[in-house]
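One structure is given below, encoded as structure tokens.
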Amino acid sequence: MWEVAWWRPGTWGGLAMRVGQVAFAGASIGVMASGAGFANYTAFCYLIASMGLQSLWSLGLACLDVYALTVKRDLNNALLVSLFVIGDWVTALLSFAASCSAGGVMVLFKRDVLFCRRYPQLPCGRFELAVALAFLSWALSATSAIIMFCLLAAF
């Protein structure tokens, strides 16, 4: 069976996963916010809000991982892991919903109503990149949520 201990809180693997979540979520926010007209579409605003929450949650846990690695403290107790499970599942579900809704709007724009062809000033490429980055952030977040759930089940 695959070992989840390497990815638990307070380890280098856990820190790497959190840094990846922050990086992809932050990049998604930056790319989406740099596209003119994103604020006219609710799904894109929701994506930015969701990725902002994902960034804050993951940054906080990354800082906690750095602290635990610095002082060599074990974060493997039931109360902390329970908190991580709840936070990870909430942010993973919100990230997935935001990524899917923004992705759906992009499919509508590009393939169904051909907005991207009719309005070349609309930065569809940036919007698509932001959605792809959000999905990558969600993938790491969902992985973290599953690992935390497995760790909680082991108590």
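Cβ atoms here come from the backbone N, Cα and C positions, even for glycine.
Relative to the membrane, A43 and L122 are annotated in Swiss-Prot as lying on a common side. Note on the transmembrane segment (19-39): residues 45, 47-48, 51-52, 54-55, 58-59, 62, 95, 121-123, 126-127, 129-131, 133-134, 136-137, 140-141, 144 of its chain, located 6 or more positions outside it, place their CB under 8 angstroms from a CB of the stretch. Mapped onto DSSP classes, the topological domain 'Extracellular' (99-128) shows 23 helix, 0 strand, 7 coil.
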